[in-house]
Amino acid sequence: MVVVQKIQEMKEIAKKLKKEGKSIGFVPTMGYLHEGHLSLVRLSKQQNDITIMSIFVNPIQFGPNEDYDRYPRDFERDKSLAEKEGVDYIFYPSVEEMYPEDFKTVVSVKKITEIMCGKSRPGHFDGVATVVLKLFNIVNPDRAYFGQKDAQQLAVIKQMVKDLNLDVEIVPCPIVREQDGLAMSSRNVYLSEEERKSATVLYRALNLAKEMIEKGQKDVSSIKRAMEEMILKEKYTKIDYIEFVNNDTFEIISKVEGKVLIALAVFVGKARLIDNIVVEAK
């Protein structure tokens with residue numbers, strides 16, 4: 001496995017691989033790898049000749065009072081996990097390499113970024129779209145792998161790829177969960193033992209919504225109320241949002257019809273956790 005830190009070098013490697021007729025699978029991460037990331041790597045290995053992972057904690061997708069400085073980082077640990085899974089190249093650039101002083105461009109996807117995480121983290125998805133487009137241009141992948149846990153991020157990237165005619169296939173991958181249902185996340189390390197117990201309520205609330213829908217409840221506000229009640233019963237919790245959107249258009253709905261994405265963000269202690277499920281109303 002090769003670690004590459006310079007953009008030019010990464011571009012040259014990608015060019016050479018393409019010349020040799022090799023397909024490239026790309027797994028963009030912010031590091032502090034967990035089983036969710038590794039499941040993306042495994043799928044990439046199945047579908048491509050070469051797998052490239054990027055590890056870059058992207059400063060422009062964090063707001064001024066967010067956790068950029070304390071976001072967990074452990075490159076040596078990440079390196080050994082990636083190597084074990086058979087990653088071929090890690091692209092590990094510095095902030096200066098990605099954003100030199102004269103950097104002036106922002107990629108901004110409209111409308112679908114105005115709700116949910118986009119609403120509570122202004123500018124976040126501009127930062128995501130900008131870094132992902134840069135990474136696509138550097139790595140030139142045939143396929144790129146993203147977890148369904150960040151459902152809105154996935155929608156934003158798909159939209160950008162479609163609108164800008166990018167030649168990369170976006171492969172969504174299922175959420176990987178701990179045994180008690182908590183979605184795997186690098187931010188779970190922020191949780192104390194007690195908070196960790198409370199954190200299972202995100203998935204429980206999503207399942208409560210699913211059960212209500214399966215029993216015929218179609219009114220979003222009634223389902224939301226039940227979810228809120230369940231979440232706020234737990235210690236250390238504060239709800240950022242609970243949103244029901246059409247799974248294809250990402251438009252907010254008030255009545256459950258067809259395929260619905262139910263997404264939430266909840267603070268458990270200091271950690272802001274997100275989760276979602278897709279439910280099909282009969």
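Keep in mind that glycine also has a Cβ here, set from the backbone N, Cα and C atoms.
Since the structure is predicted, the reported quantities are computational estimates derived from the model, not experimental observations.
Feature annotations, reproduced from Swiss-Prot:
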BINDING   30-37, 147-150, V176, 184-187  ATP binding site
ACT_SITE  H37  active site, proton donor
BINDING   Q61  beta-alanine binding site
BINDING   Q61, Q153  (R)-pantoate binding site
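The C-beta environment of the residue listed as 'beta-alanine binding site', restricted to residues of the same chain at least 6 apart in sequence and closer than 8 Å, consists of G123, H124, F125, D126, G127, V128, V131. For G36 (ATP binding site), the number of other Cβ atoms no farther than 10 Å from its own Cβ, over all displayed protein chains, is 21. The distance from the Cα of L33 (ATP binding site) to the Cα of Q153 ((R)-pantoate binding site) comes to 18 Å. Neighbour list (V176 (ATP binding site), Cβ cut-off 8 Å, at least 6 residues apart, same chain): H34, E35, G36, S39, G147, A183, M184. Using a 10 Å radius centred on the Cβ of Q148 (ATP binding site) and all shown protein chains, the other Cβ atoms total 18.
DSSP assigns Q61 (beta-alanine binding site) to a helix in the three-state reduction. Under the three-state DSSP scheme, S186 (ATP binding site) falls in the helix class. Of all the binding-site residues listed (M30, L33), L33 sits in the most crowded Cβ setting, with the most other Cβ atoms within 10 Å. Secondary structure at the residue listed as 'active site, proton donor', taken from DSSP and collapsed to helix, strand or coil, is helix.
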